[in-house]
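Copied over from Swiss-Prot, here are the features:
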- GLU129: active site, proton acceptor (ACT_SITE)
- 32-40, 190-194, 242-244: ATP binding site (BINDING)
- GLU57, TYR88, GLN99, ARG106, ARG130, ASP135, GLU199: substrate binding site (BINDING)
Amino acid sequence: MKSQTTKPLQQSISTNLSSNKEMQVKRLSVEGNIAVGKSTFLRLLSNTFQEWSFATEPLKKWQNIQSTSFQTTTSSKPPMDNLLQLMYDDPKRWSYTFQTFSCMSRFKIQIQPLSEPVLKQQEHVQIFERSVYSDRYIFAKTLYELQHLNEMEWTLYQEWHTFLIQEFSRRVALDGIIYLWATPEKCFERLQRRARKEEKTLQLQYLEKLHDQHESWLTKKTTEVSFENMKNIPVLLLNVEEDFENNSAAGDELNNRVKAFVAGL
């Protein structure tokens, strides 16, 4: 009888300790326009702060949607659909589908449990490339304002998004945001240079719209935010207009500013 009561108690204590450790983790998202340099910035941080953990945007998932109804055979592979391509080619038809899937994939990333090695560190920092919040306040909001999401779709999106945020609570909460800032013109220049096939049809005007959304949300604080913990979240604005990938001094400056920002959270 004694062993039966001890084991659940030990499990409960272990769970609570794990939960307490996880609550001490500082979670931040890196936000910014398309092609502002988020992936390059994350590589810079990961090379410097190797004890931190980094979660990149699940781009490949959006580019490869596998049919679940396909009957596999030894001589063929399941068909794949590039949802990102579909959305850019026909935004009015595919925006709601894409935003639903992209947001779901972001939720999956943000609620993933931390590994034991991470939990054993003295300082626990987790960095996400974008977040469930920018999915709503930047991209879905922009698509609605461009009339690619209709009134019904926008209402439904906000309804289930709010429900999931409240349901997952602390597991998707952020402690800070790193906002990578560059002009839309510079982002468009970088977009053309990287030549991602899905982005061939993107115009400067779209990047200008996304830039304005970031400014309203993170700088001017005029975006109406539904979640109390996000209304006064600390934001570190980093100007990345100039190249920092091939400039070690610029890279060091960014690293130092991020280190100081994280230490102050």
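Positions of Cβ are set from backbone N, Cα and C atoms, glycine also.
Everything Swiss-Prot records as a feature, shown here on the structure.
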residue: GLY32; record: ATP binding site; DSSP class: strand
residue: LYS38; record: ATP binding site; DSSP class: helix
residue: GLU57; record: substrate binding site; DSSP class: coil
residue: TYR88; record: substrate binding site; DSSP class: helix
residue: GLN99; record: substrate binding site; DSSP class: helix
residue: ARG130; record: substrate binding site; DSSP class: coil
residue: ARG190; record: ATP binding site; DSSP class: helix
residue: GLU199; record: substrate binding site; DSSP class: helix
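Between ASP135 (substrate binding site) and ASP243 (ATP binding site), the C-alpha separation comes to 26 Å.
The binding-site residues listed here (ALA35, GLU57, TYR88, ARG190, ARG193, GLU199) include GLU57 as those with a Cα within 10 A of the Cα of GLU129 (active site, proton acceptor). Comparing the recorded positions GLU57, GLU129, ASP135, GLU199, ASP243 on other C-beta atoms within 10 angstroms of each C-beta gives the minimum for ASP243. Sequence-distant neighbours of ARG190 (ATP binding site) (same chain, 6+ apart, CB under 8 A from its CB) are ALA35, VAL36, GLY37. Under the three-state DSSP scheme, ASP243 (ATP binding site) falls in the coil class.
Spatially close to TYR88 (substrate binding site) yet at least six residues away along the chain are GLU198, GLU199, THR201, LEU202, judged by Cβ distances under 8 angstroms.
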